[in-house]
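Structure first, commentary second.
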Amino acid sequence: MAELRALVAVKRVIDFAVKIRVKPDKTGVVTDGVKHSMNPFCEIAVEEAVRLKEKKLVKEIIAVSCGPAQCQETIRTALAMGADRGIHVEVPAAEANHLGPLQVARVLAKLAEKEKVDLVLLGKQAIDDDCNQTGQMTAGFLDWPQGTFASQVTLEGDKIKVEREIDGGLETLRLKLPAVVTADLRLNEPRYATLPNIMKAKKKKIEVIKAGDLGVDLTSKLSVISVEDPPQRTAGVKVETTEDLVAKLKEIGRI
């Protein structure tokens with residue numbers, strides 16, 4: 001097969017080092033004035049696409065993000081890492097809070113068809129909702145084979161070999177292209193964007209479109225009832241002997 005075109009999905013999330021705070025009304029988490037960055041699993045997906053391009057196996061990498069205007073910063077990061085151009089599916093901030101895997105998967109599937117890509121790469125999950133559904137749903141809408149939790153990816157002609165870690169060992173899949181692959185942490189270690197590449201990324205093209213331009217309805221079928229902090233754990237009690245342990249368990253009604 002000739003050189004491929006790859007679509008890589010990137011999500012803007014609260015930075016992994018930030019301590020999450022729940023809103024007083026428990027409708028979500030505080031995002032205003034909080035540092036955001038690219039989802040770490042998405043970084044791995046971008047890195048893998050760039051490595052395939054460096055091997056002359058991929059000719060173009062398109063970075064895609066859905067959400068408010070700030071998502072363009074996330075796309076710029078992908079461009080600085082080596083993506084060729086970006087597509088921002090603009091969604092107002094109020095609506096973006098209700099975007100779920102189903103809506104994003106519909107967008108990605110439509111873009112994959114529109115751009116005539118051969119490979120869709122994305123992180124296996126996002127660290128904010130941990131849904132682990134978008135890649136699978138995208139493959140379902142496209143009716144393409146999928147390789148999830150990829151720990152190694154190898155292009156073999158018109159097929160892609162995906163190794164994935166499972167309980168008790170490794171599973172190897174060979175998927176006929178076009179295909180969808182989701183990245184595990186073990187797939188690679190993303191590079192840091194260099195200053196020259198960051199400057200070049202500012203000149204690369206980002207196309208801004210609406211979900212409606214793709215014929216996608218972003219209305220969510222789910223609603224968040226409440227978001228709460230995990231309950232605080234009570235302090236443990238140290239015991240010196242087995243007899244003390246049994247006595248303590250009896251005292252608290254465990255035995």
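Backbone N, Cα and C atoms are what each Cβ position is placed from, and that goes for glycine too.
When the ranges 68-90, 137-159, 183-205 are checked against Swiss-Prot, the one recorded as region 'Recognition loop' is 183-205. Mean model confidence of the region 'Recognition loop' (183-205) amounts to 94 (pLDDT, 0 to 100 scale). Packing around G123 (AMP binding site) is summarised by its Cβ count: 27 other Cβ atoms lie within 10 angstroms of its Cβ, all protein chains included. Per-site Cβ counts within 10 Å over the modified residues K203, K238, K248 peak at K248.
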